[in-house]
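Peer 1: One structure follows; several queries about it will come next.
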């Protein structure tokens with residue numbers, strides 16, 4: 001396995017906390033649980049930067065300042081019971097109470113319990129912007145859900161610990177009405193039971209489940225929902241159902257509590273299996289004592305949801321090997337010709353695996369252990385769900401890659417060793433996570449031993465290594481079934497890195513992409529081509545001589561003739577100014593010469609005027625290609641918008657979309673013979689009945705002509721930017737921008753019909769990025 005270090009290394013402000021401190025979301029954000037916050041590192045495939053380093057946007061979810069107190073009864077009664085247990089003469093009661101941080105999260109004489117225990121990312125498409133939600137569990141057992149709605153700040157949407165505590169309080173801390181009444185809160189065992197039944201251990205998100213609902217006019221519409229399973233200390237599991245997009249407490253649909261019957265539960269994962277177009281689900285629970293089982297999840301509220309009839313035991317031995325991490329990977333069995341599920345669990349230094357597949361005989365279970373991987377316990381495990389590759393690491397800086405290979409009966413693993421000391425030097429590892437498309441591996445490291453001595457200080461860093469080559473990433477992008485550049489940012493970043501280093505697009509990639517465009521004509525391949533041309537354009541730009549944001553420390557030179565008390569004439573001032581400008585131009589020319597001397601030898605030298613012409617011609621040629629691809633993508637999206645207009649409007653109805661202007665813009669290009677556009681425009685003009693419905697400037701009420709796809713200018717010179725999703729003019733001070741600042745879009749208004757709101761939810765037509 002050839003791994004290459006990828007810059008930059010991101011230094012953390014605080015030490016990591018929790019058992020699995022690292023997680024990588026489907027929208028390419030890395031969360032790191034630390035002692036004061038969750039550091040979120042968002043990977044961007046920047047089209048405006050010529051630097052070869054990975055572009056990372058950094059934000060943070062701060063830990064709450066106040067301690068979390070679980071609701072176990074009325075406040076007055078709880079305070080009296082705490083005082084009673086703390087002053088008890090029975091040392092088994094008083095010492096147990098004083099040393100248990102669940103009972104005393106504020107600590108008092110003990111050090112404060114701050115930081116995060118675990119974080120989990122939802123699937124893509126759960127928040128208001130169609131991105132991932134972050135579920136965070138603090139060290140003092142507060143479970144919250146956060147969203148990053150404006151890119152710069154994280155917002156807490158709901159506190160599930162508080163809501164679940166209120167539900168238990170209203171139900172008198174009974175799971176069902178048939179349960180026998182328990183003891184009073186003054187009983188220490190009851191006090192412990194009420195805390196353990198709402199102390200979260202882990203939480204995991206399910207996949208998105210789509211159901212159909214019927215409106216008042218008998219029209220069916222799809223409603224998305226997602227499940228969040230929370231495992232508690234006593235073995236119970238709460239399954240929350242949220243309606244999408246998740247906005248807050250009002251989006252909670254239901255909450256069901258399931259008893260697992262497992263003592264000392266340690267880890268949780270969803271089992272999701274598709275068989276004969278029927279999706280089945282269950283919850284895989286592991287114990288600190290060793291057993292692993294799948295539990296059925298009975299949810300009557302979710303239509304089309306199927307689960308197991310009874311629990312399935314995957315491993316039943318109480319061998320005292322705690323289950324540290326569980327991953328479930330959907331795969332296809334080449335011999336059985338059916339889908340199957342691979343469940344892997346880290347147990348001490350071993351990896352337990354279990355292959356599940358459904359046949360005519362029922363559910364077949366094959367399990368075993370992979371030994372000889374690490375000499376120390378596994379501290380972190382991650383999996384690439386696209387090909388089933390599993391990665392494990394121990395604290396000594398050794399990472400194992402396990403590749404599943406199917407056999408006639410079950411499967412076997414081939415494993416390779418990756419020594420991070422050969423990439424980063426002597427390091428200790430605390431967690432790993434693989435990117436969604438398997439291009440990168442993120443690693444949390446600290447300094448290792450030097451000459452047999454431990455480091456005096458620990459500097460926690462998140463570092464990245466490549467797991468794929470440029471050729472593998474390019475081939476995966478060309479054969480992608482996702483056909484969305486934003487969801488494959490890790491692959492596009494590898495391609496970006498290669499082009500910026502070599503300053504050209506490889507010939508095989510150009511030819512393969514041109515064949516794809518000719519054969520299918522999908523706009524995905526046009527966007528991929530636009531991405532390559534933009535990166536190539538950036539690679540040929542001359543680097544600035546100074547950092548743009550750094551202030552200049554040069555003192556301004558004042559001419560003697562301009563000083564106070566001295567007379568000056570206009571001729572003297574002009575002469576002095578010309579001398580100063582000539583000196584400045586000579587300095588800039590010298591700086592430019594230094595840069596050109598250190599540039600790549602493959603580029604033409606700029607020592608004379610004649611040497612610059614080929615490079616300028618090359619840049620102009622690339623710029624022309626970029627504009628041609630952008631125009632093609634614009635025309636394709638315009639046809640989509642006009643199609644929506646034709647389907648959803650009646651005759652003589654003003655759609656608020658500049659339909660006539662878009663039609664005229666499409667027909668204005670004589671060099672493009674688009675029969676589809678001509679037919680569509682003919683139907684729309686017949687439906688509009690010679691009416692134009694022009695846009696008007698909100699400042700002067702003049703007509704806004706549609707002459708440019710990016711902006712509208714009225715006759716009085718007022719300029720308004722155009723929305724790239726609907727081509728309406730954004731006549732307000734507030735609008736949205738694409739993630740890469742590629743385009744802008746307006747906000748939906750209450751007056752907009754549903755089909756316009758649906759258009760405004762789309763991604764950028766140039767780079768597939770979401771819009772904020």
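Backbone N, Cα and C atoms are what each Cβ position is placed from, and that goes for glycine too.
TrEMBL does not curate its annotations; it predicts them automatically.
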Peer 1: Which range is it, out of 504-558, 559-613, 614-668, that shows up in TrEMBL as region 'Disordered'?
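Peer 2: Result: 559-613 is the stretch TrEMBL calls region 'Disordered'.
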Peer 1: Compute the average pLDDT of the predicted model within the domain 'Transcription factor IIIC putative zinc-finger' (689-739).
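Peer 2: The average pLDDT of the model in the domain 'Transcription factor IIIC putative zinc-finger' (689-739) works out to 90.
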Peer 1: Using DSSP, what is the helix/strand/coil residue split across the domain 'Transcription factor IIIC putative zinc-finger' (689-739)?
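Peer 2: Output for the domain 'Transcription factor IIIC putative zinc-finger' (689-739) reads 0 helix, 15 strand, 36 coil.
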Peer 1: By DSSP assignment, list the helix, strand and coil residue numbers for the domain 'DUF5921' (469-546), in that order.
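Peer 2: Output for the domain 'DUF5921' (469-546) reads 56 helix, 0 strand, 22 coil.
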